[in-house]
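Participant: According to TrEMBL, the protein has these features:
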TRANSMEM  12-32  transmembrane segment
DOMAIN    42-120  domain 'Inhibitor I9'
DOMAIN    146-592  domain 'Peptidase S8/S53'
ACT_SITE  155  active site, charge relay system
ACT_SITE  232  active site, charge relay system
ACT_SITE  559  active site, charge relay system
DOMAIN    674-769  domain 'Subtilisin-like protease fibronectin type-III'
């Protein structure tokens, strides 16, 4: 059973669940309209590392600090929203701006920030990535399908009764698990959880405190519980770790077996996003979810959320995701986040902290060809998700206007255009605004139209938000159809149902909407890190009928790409439980695919499309089987992240609150270029620059690697030493890279790579360099 969207009771799915379909499911960072007392807002008081392990004493300390500012115990009890006491220390509380300023000056307080809000950002994809369940030699089966690993998700909740969350053949719940299955509205914790879904919590106090009144679940069509009413969290959960469900499809399209990347893993849902104003997630709630997840014992955190551009600097640290993820990574938890859906513009990538694994979205080799037969018997192939067996035949119309008037593009169509009734409409899209296009298509339907042919520049099809015949063609094809309309007095057309096609000639591309680098706040840190399938991903959603145990939808967005990588991380964690988050991240980045498996290049969608580079997909398209045997890894720990924080200008006291030991940054600010990342990015190469990296051998003990460099003309890269020899005594080796430029003008970035190979393993680091020549005008 499959659906593209909910109807009737769940009408808000068009603005929330199908937001990834509309390609805008990344989070927008903004202040909630204040309905509460405008002088009292929620502030997050961040105190860094816990100074002791007694959580009750820690909570008492938080209350005592509030009392010193607010004046009474009673006011303090009424004001506090959350006490953060597991992964780090701090609290969220209601107070005035003046009180927040006073509290920020108390000893032990790193910073006080205003509570802010976010909006939220398969049958083929796993086989496409080489993780077929029928192969005994791939990562999926070597890792026992992620057996014993716990994937936590910060999202919109989960629909636990679905078949994709059954626990058949799963092992016992790990003894280290400390989480709970929290009951709430329409969610019985004792029944909802099993050996697949082992934990479920919800966090809304930060939202309600800022909003100033209880959240109305009836008005917002939501549940005061971990239950998912929108579908986003259910979809991402089933991608990351769903169980096998055979014969899944969307009304026959994409038919196959749906499962998650790590079907043997356990899941834990942390609901932080709510359907107020179309869907918001409060900073205070997100930070509390990180705190609890760290204490619960998750191994991986999948966070399909992101902040708007411009980003806060790392020094500012106002966002909950950088703070929460830092503490999670310090505890050995890999945090996987969405790159955002603000592409194809440059410098739009989000979640840019170096300890986060940031995921871009790519397409898969699947399409849905749909015949368009014109009245002259010419058949043209479009793309659609037009299901069923019946064809639709009608007159074909185009909104012709005088040359003195603006053209009637798709976005201008209105339900008042009665000339569309009973006809199929051809229109040309003027903008890549999926929401406006959906509104236009709804207008055609409301006006009595029988279908729409949308002509747009994007070569890839992104589903539209209604069960209505809507086909997409290129501008070139649309122009051919328009020529036919203008050549006859009675143009006719027949639309036939879509079919599923897998394999050649469908190519892999970086998705149009996927946010691109370089990072706008830390351009020397390459982001995104990797790309994964995020277009037309078939996975579970809440059903129309609550008695149904199977409902599936195609959704698109970096929100869908993120759990693909989270599932792969779970497999790697199961196979290598001692690997650090940085080692796992390195293995994924250095083994990414930069060309099709058939040998052709990977393109990045845009206007116009171009060859993909590291700012589009980081290390490339995720390649899980190679990541399971990377040969070498660029490992990091808290000390390396301290190097990064010093390079970014944090003061010693702030860094001390984040770490396990006192920190003194060197008097000479260290170079951010020496952070031991599996990539090299130099945004302002002014003179020959030398940087260092250290690799750890995780392959055969006795190994010999040789370096090779690929780069555009004019950029010179020298590696010393050029050969690395590992043995039982030598497991880690440092090397230097000198990069210089022969260019004497300022231009854009040049791209290349540094690869270490032993004849079996290929360890590739992407390099991005921009020459900067000093300007002299006098």
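Quick reminder: no glycine exception, Cβ is built from N, Cα and C everywhere.
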Participant: Please give me the CB contact count at 10 A for residue 559 (active site, charge relay system), counting all chains in the structure.
Facilitator: 33
Participant: Taking the Cα atoms as reference points, how far is residue 559 (active site, charge relay system) from residue 155 (active site, charge relay system) in Å?
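Facilitator: Each residue's Cα considered, residue 559 (active site, charge relay system) and residue 155 (active site, charge relay system) end up 10 Å apart.
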Participant: In the domain 'Subtilisin-like protease fibronectin type-III' (674-769), how many residues does DSSP put in helix, strand and coil?
Facilitator: 1 helix, 61 strand, 34 coil
Participant: Average pLDDT across the domain 'Inhibitor I9' (42-120)?
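Facilitator: A mean pLDDT of 84 is what the model gives the domain 'Inhibitor I9' (42-120).
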Participant: Including all protein chains shown, what's the count of other C-beta atoms within 10 A of the C-beta of residue 232 (active site, charge relay system)?
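Facilitator: Taking every protein chain into account, the count is 30.
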Participant: Write down the Cα-Cα distance for residue 155 (active site, charge relay system) and residue 232 (active site, charge relay system), rounded and given in Å.
Facilitator: 7
